[in-house]
């Protein structure tokens, strides 16, 4: 507090009055304020902006001690401290702008005169003061890291003037984006303030569109923090409010409403969160097949009398014709298939598994939906069409709204078959279904697909790292962890080249997952589970990631389910006061079983050689021609001889490719599966990638001569 002036009758009272009437700039600098309005002479002399906090009407019976306590809280907030600290911090100097002008918000609305805005936060009569710089930075960070990644609630022009934002929405934006700035210690303060204001709106019956948007942001923030239960509560409350507003019915959107598209974006943003983080088990879970997005603007084709789902919002980003769906809408459709995969994994974890090769199995249904959705992806968004590997870093930054969605679509596309064909599902399933224990074509085909798409995920990781694209959605970390489990599984393959490749790809997935830890506690929990599973897999052998070539591994069943289902929840100590339930209702989770009974021992055995063709791996696109080789391939395994014609068909010698052909998804998919990591650092310099023309990626060491047995 400023020192009192001489000649006052009450030093402490005078000191409090002077602090109470000081402007915000003088308070921040801890200097004496003359108190003139509208701008004090001190700020005018220094040519600084001058503003005063909103005055609250005095209440009768308020004591001097109460006033002093409230002023200390306000001073603590203005100085950059948190209300949860027991002792006030030292005031800090004003922070420099987090981003320069080249990275400011894309909003065309010029910033107005800076003034702090004070909102009531709770019943303790404290106030949350939004610094204009913090609010502007928060919006900038939102559009950089969260806009369409995956949520898409509002556009830049709709929140251009941050001074007009409702206080609950402003608090939610700052609660979500504080983790990306040096205001991380304010995250819980903003979150609590937003929750209080939202509940007041519900209690007062004044819920509007921004209230549900605030819940959407809080839900996503909780999922990033690994607080799954709280995130699902916010998500469920949002969906219930949408239901009360009938935002889940197509007919509501037929009316002429200027906010129609914003409502659509909010509704399907909530669906995206439900697809990735919603609960898949329990009687109260929403069936995943209900919210299947339509392939046209008219909603899902239901029979007469059935309720139709809302149409997807207008999204022309990256399209070549008005009839094509935008990249965000495409990711919504793939996200729905991903939710089906999550349901399939949940069923497998509860031993609900029909033979996947049957036409009426869940596996066949999901695979059919996946192929149908893939067939609907327009050419303008295909890997071969957009040529992500040729884009400059600056171009990716400018068009981040498109490329962040495109990367989400690509990771989802390869995660679906990776999980659907994960060998772990059918090894565990064979313990309860004897039919799954018989080696057959399905086992060989599914393991081939899991390996191929897990390698594609590593390929996408290489490009993301090479192009320096910042990603924060924990979904990417989850996909990397899933791919890591596949590569860990193949670390005990019979072929030395496959062992080395799987070991290298496993290390890449782990490094990529660790890059999310600074801003996502959920990914931190995933990384810890993956680390524990890796130590268990190594057994008594020493674990050197670069040289680890085991003959057998030990897979932890509980930890594998944790990773596949994204059940990684941080400890309550890591998120203070962020819980939802009282101790009497908190579900008791059993500790992870690490005994021998919960561990599968995977070893290598010999099986007949199979013929496979992965030249069409990844997304389909127009194929490029190649010349078959006249040389016959010689097999290392003489137990099962194949015909010379069949042997010849497996060996392809390509024409001298261009850089564009080298990275074509259908022309040259497979050689880089065995490539050294150094060859993939610069995506544009790949002509020498295929050092051994004529050998397909599965040949040489004959890695398909493996059959994994469990004991």
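Glycine is treated like the rest: Cβ placed from N, Cα and C.
What TrEMBL says about a protein is an automatic prediction, not a curated fact.
As annotated in TrEMBL, region 'Disordered' covers the listed stretch 299-320 rather than the other ranges in 255-276, 277-298, 299-320.
Residues 613-653 are the range that TrEMBL records as region 'Disordered', among 613-653, 654-694. Per TrEMBL, the range carrying the annotation region 'Disordered' out of 1-21, 22-42 is 1-21. For the domain 'Zn(2)-C6 fungal-type' (22-52), the number of residues in each DSSP class (helix H, G, I; strand E, B; coil) is 11 helix, 0 strand, 20 coil. In the predicted model, the domain 'Zn(2)-C6 fungal-type' (22-52) shows an average pLDDT of 83.
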